[in-house]
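Feature annotations, reproduced from TrEMBL:
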| type | residues | note |
| --- | --- | --- |
| TRANSMEM | 6-39 | transmembrane segment |
| TRANSMEM | 51-71 | transmembrane segment |
| TRANSMEM | 77-97 | transmembrane segment |
| TRANSMEM | 156-177 | transmembrane segment |
| TRANSMEM | 197-218 | transmembrane segment |
| TRANSMEM | 239-260 | transmembrane segment |
| TRANSMEM | 290-309 | transmembrane segment |
| TRANSMEM | 321-343 | transmembrane segment |
| TRANSMEM | 355-374 | transmembrane segment |
| TRANSMEM | 386-407 | transmembrane segment |
Amino acid sequence: MSQRLIALLGFVFFFNLFFFHSFGSVMFGLMVFGSFIFLTVTFKPAQYKKTELLSALSILLILLFFCLGVILRANGFIQSVLGLSSLITLVIYAYILSSRIPMVRSLFEFILAPLYFAQTYIKTGFKTISIVTSGQYKEILSEKSAVVKSSLARSLLIGFMIGLIVISILISMFSSADPIFASFIKNIVSADFIQTLSQRLTLSFLLLLLLLPFLTLNRRNIFNSPLELLKRLNLVHEMSVVMGLVALIIGLFLIIQWPYVFVRVPFETDLSKFGVATYSEYVQKGFGELLKIALFVYGLIWAGLVILRENKAKEKSVLKYIQIVVLVEFAVFLFSIFRRIWLYQEYHGWSLIRIYGSFFLLWILGVTIFLALRHFWQRKWVIGEMIFTALIIFMIGVLNVETFIVLNHPPTVNGKVDYVYLSRMSSDGYVGWEKAYTYQKNLIEKYEKKEFLNKDERKEVAYAGIVIRELLQNYKDMVLQRGTQNDLKQYLIETYAFQRDANLNLYVPPGSRNYIMEQNDGITKMQELIWSEMIDYRKAIKDITISKSTYKYRFNLSDTDSMRWNRSFFTLPYYSDYFKNKIKTDKKIKDSNIDRFYTWNASDARAFYLMNKNISYHELLQLQRKYFNIYYTIENQFVDQRDYDMDISLESPLLD
């Protein structure tokens, strides 16, 4: 048991590396692998069996794939899926180790393992609290636990405590003897570290309390499946009726939709009577609901199989044949959804929800094949299902879906590429940012000299404004994540200079001139502080907001609306009492290389490099200026000549 105490203390010290640093992809990966090592050492058996070693290596490989995806991809949804999958894998690994089994033994054990482990952890936690509060340490200190009685643990603890004192003395002596070494130590043990020492100790203590149950945590290797209830009820006849009705409904659905999905004929005139205008709209409708239906039917087939297995006369039972019919229908149903996806992309291009929905369908199809095999052979198919699931998640993480969409068949609306959609992609789809920038730049230059814009042209200009806004937001995010202090400083200089020029070159209503003068005075003070390096650049940039207001691309505003003369997407913090806490007094701004390392992401790093190379921030600001000049032109047209019809959606799912 001494190894558990050593693992626990080591894990707490390891986590101190991450306290008071920015959370990011690399930090998450290090945390995951640190947790894997902690669990492996904590529950390490006296001697590994071949199956146990193979299980540990397999889970390590899966975690490696998942964390690689987190570091490669920048899309928030994908990072969430991979991160959650990594955490679930760790909990399943903890369940396996604490239960002393090489691997989960059934699909339902695999599904319920996180819940069962959480239950064991909570029970052990309450037991530990009870022991500590009552002062009855005998259970923890017993020969069975041997946490403190172990001579090895006691020796290591004493040696560690003495070692800390000896190291402190040596560091002090070496620092006095050598100024270079003293400077090195000063850089490592900074003033910030000393200031946060008490907080570090508090966080370490709290983490230690959370991990304390692991000292005595063990599970029985018995799994009580909730499906035992279904087995005892003997519902074979009832389930036969249910699955028979399911087969009937699925068959009816397939027959009705057959002419519209599987046969290529012009049915658009027939569709209008169902409230559907076009064929493309038909194949688009109900996609999410169909995915839910697929999952629901899969669960029903599983329930039917469980009941069928406990039927003594299962070879003669009609349920077996009904199950096979439903499986065949279900396969056709899944194929019909794939067909809908393919037809939709023919008309409107690919989208993230369609491609990731296809991955989900592919996963359902794969586990359905394993489910069908269970009807004929009883094997440990759960291993195959686990590997297949891990491969699907790995593919989602490694494949750059956003770049695939941009380069192959980007989303279209009324036959035109939706550049707003491309500009709203994550840095995975940087090539879409560049395409959107190039197109809108040409469009702005095309309409810049026009004195009158018609309805379609106004719509194009509005979309260009949204794209510019999104690109400004993307650049701000990139410079915050990957920018050096020089990058941050240059961003602030150019942004404040642009805002000052924008304020000077616009018409201001008489009642608002004092406000604009105060703004410009605040900008001047901020520029002085930026040049003198007395501003925490990162905090200042975080306080800059890029407006999402519809007023920025709606041209039919009233003459009294204040948005008429705010010719910028920016809302900047100015020098004020509120902002004084952002000012550094030591005039020294340090770049945190550790934070930059912890937050490093392959897509973000690549996008920031290419954006600086191909999309100049200065040019992006000038494009914003030209857009608001056109905005002013449209605004001076008659009221009934300012509107347009928006035919794109700004609520598309899975976009950052």
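Glycine is no exception: its Cβ is also placed from the backbone N, Cα and C atoms.
Nobody curates TrEMBL annotations by hand; they come from automatic prediction.
In this chain, the transmembrane segment (51-71) touches the transmembrane segment (386-407); three or more CB pairs sit within less than 8 A of each other, excluding pairs fewer than 6 residues apart.
Most Cβ pairs within less than 8 Å of the transmembrane segment (239-260), among stretches 197-218, 321-343, 355-374, belong to 321-343. When each of 51-71, 197-218, 290-309 is checked for Cβ pairs under 8 Å to the transmembrane segment (6-39), 197-218 comes out on top.
Tertiary neighbourhood of the transmembrane segment (290-309): same-chain residues 227, 230-231, 234-236, 239, 242-243, 246, 250, 317, 319-320, 322-323, 326-327, 330, 333-334, 337, 340, 357, 360-361, 364, 367-368, 371, 374-375, 378, selected by CB-CB distance under 8 Å and a gap of 6+ residues from either end.
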